[in-house]
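J.: Just dropping this structure here.
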Amino acid sequence: MAHNPLAPEWLSSPADANTLTDGLWPSSARRTDDGAITIGGVSAGDLAAQFGTPLYVIDETDARTRAAQLRAAFDAEFARIGTTVRVYYAAKAFLSTEVARWMVEAGLNIDVCSGGELAVALAAGVAPGRIGFHGNNKSRAEINDATRVGVGTIIIDSPVEIERVAEAAGRHGMVQNVRLRVNSGVHAHTHEFLATSHEDQKFGVVFEDAPALVAAIRAQPSLNFLGLHCHIGSQIFGVDGFAESASRLLSLQADLLAGGPVPELNLGGGFGIAYTSVDDPSPVADLAAALADIVAAECARRGIPVPVIAIEPGRVIIGPAGVTLYEVGTTKPVRIGENTRLYVSVDGGMSDNARPALYGAEYSVRIADRVSEAAPALVRVAGKHCESGDIVVDADYLPGDVAPGDLLMVPATGAYCWSLASNYNYVGRPAVVAVADGEARVIVRGETIDDLLARDAGVPRSAHEVSTSSTGEVSTSSTGEVSTSSTGEAGSTGEAGSTGAAGSTNDMKETTR
Ligand SMILES: Cc1ncc(COP(=O)(O)O)c(C=O)c1O
């Protein structure tokens, strides 16, 4: 089929819209002889039948392998230049107790940025000393808890935190390891990076202020200064941005060495992954080699010892290991001039994947329970929410006979989808299922309407618990049983809700944007 002019320039019409494009899918993803996609040996149809849709599916072996391979690559490359690496998994990408344990078992540490993430890591049994704690506005209570449990490092993000962390550590009679997050002036995203002398953003401290702040940290007996920290952005494909930032940080490191030891340097995360057929991120092994070369060269140039290096990747470990499974509810050809775009609406949307609406992120999609010989058609996969920007996949080609009832799978949704999920339109957040060796198990339960109503203080609860029927009707029951259905029922209730007052409210909102 000819290229549809409505498609973005980068997207070409595929010879076969059933193919699982290399580099986008979890390593265990296959099409079986009956046309179904399997992940971890479990077919899309079985997953939908057992757990409902929408559903987050994580290939456990793939996630564990990526974590272990990344660590091995960085260990080897930095050993080559005479130092060691601490790899922190950035929990903000996706965190559950199960995933935290996978990461620790692969030899990684855990980077958290809230009391909630800290609680999950601790509930997973992660040793506090393996946890790094971030955040531009950690509350006093969070700082108190972090020092009390003895987290390995706290990343100081503003001048006022120096005293707050020192006080909390002193209160618990301990010396807290801290890093100082600085703005290197480098900001990177995908292929481009911007290097300025000052960065206008909320994270970290101004580069030029760092020496005075490090002196203030060193003056606190309850703090131990480990080194500088910098995170230059996300979804970064090349090494140029990291190189520029490392160079700037090591020049600062050289200055700071005059006042005391600076044993470590944290270069942050941000390694990119492929979301579409045209994304071409650097392989992790290449990144590790290039970063080691840069650090070695910059240290040699300045005549300073090579520090222990820390990194904090999230997306590159968990992103490609995850897919989201949806069911198609409606399809609608929309003619635009001479051309047609097929809108395919699924039973989830911006509540389970906010990235397209937040960042204009692109994704890819395939029919998951069959293959088709039908000519490829340009599709836009839309969600079920009351927002015209509720798009899951802005543009891809699917077999033109895609129809209600088909299962769709969107790859590379393991990072920043579940963690950014919301209850918009009172749609429950889907379950997360881990698959491996032909088995699927829930690692995070999906939310039911009962879960959502449980937080509404106005729901009468005295004699009867409120529950929902499978049709989504709200009723009371004297059994107090909690429905465990994660998706279908919740979805239909959400839809009913969105046609009422909520729908009109949102229509108003759209016109004011
Ligand atoms: C300080 C910090 N470290 C690490 C990360 C992880 O980034 P990524 O998941 O892109 O590797 C982030 C992401 O926002 C971050 O802010």
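For all residues, glycine too, the Cβ spot is worked out from N, Cα and C.
Because TrEMBL annotations are produced automatically, they should be read as predictions rather than curated entries.
The structure displayed is predicted, hence computed values, not measured ones.
According to TrEMBL, the record shows the following:
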ACT_SITE  Cys386  active site, proton donor
BINDING   Gly270, Glu312, Pro313, Gly314, Arg315, Tyr416  pyridoxal 5'-phosphate binding site
COMPBIAS  465-505  compositional bias 'Low complexity'
MOD_RES   Lys92  N6-(pyridoxal phosphate)lysine
REGION    459-513  region 'Disordered'
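Tell me about the setting of these features in this model.
T.: DSSP assigns Cys386 (active site, proton donor) to coil, not to a helix or a strand.
Sequence-distant contacts (6 or more apart, same chain, Cβ under 8 Å) of Arg315 (pyridoxal 5'-phosphate binding site) comprise Ala90, Ala93, Ser234, Gln235, Gly269, Gly270, Phe271, Gly272, Ile273, Ala415, Tyr416.
A simple way to gauge crowding: the CB of Lys92 (N6-(pyridoxal phosphate)lysine) has 20 other CB atoms within 10 angstroms, across all the protein chains here.
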J.: State the three-class DSSP label for Arg315 (pyridoxal 5'-phosphate binding site), counting H, G and I as helix, E and B as strand, and everything else as coil.
T.: helix
J.: Do you know which of the recorded positions Gly270, Arg315, Cys386, Tyr416 end up with C-beta under 6 Å from ligand 1?
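T.: Gly270, Arg315, by Cβ distance under 6 Å.
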J.: Can you tell me how spread out the pyridoxal 5'-phosphate site is, meaning the largest CA to CA distance among Gly270, Glu312, Pro313, Gly314, Arg315, Tyr416, in Å?
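T.: So the maximum pairwise Cα distance among the pyridoxal 5'-phosphate binders is 15 Å.
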J.: What is the interatomic distance between the Cα atoms of Glu312 (pyridoxal 5'-phosphate binding site) and Lys92 (N6-(pyridoxal phosphate)lysine), given in whole Å?
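T.: So the alpha carbons of Glu312 (pyridoxal 5'-phosphate binding site) and Lys92 (N6-(pyridoxal phosphate)lysine) sit roughly 11 Å from each other.
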J.: Measuring CA to CA, name the entry from the recorded positions Lys92, Pro313, Gly314 that ends up nearest Cys386 (active site, proton donor).
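T.: Out of the listed candidates, the nearest Cα belongs to Lys92.
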J.: An 8 Å radius from the center of the Gly270, Glu312, Pro313, Gly314, Arg315, Tyr416 Cβ atoms defines the neighbourhood of the pyridoxal 5'-phosphate site; name the other residues of that chain inside it, in order.
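T.: Other same-chain residues near the pyridoxal 5'-phosphate site: Ala90, Lys92, Ala93, Ser234, Gly269, Phe271, Val316, Ile317, Gly319, Ala415.
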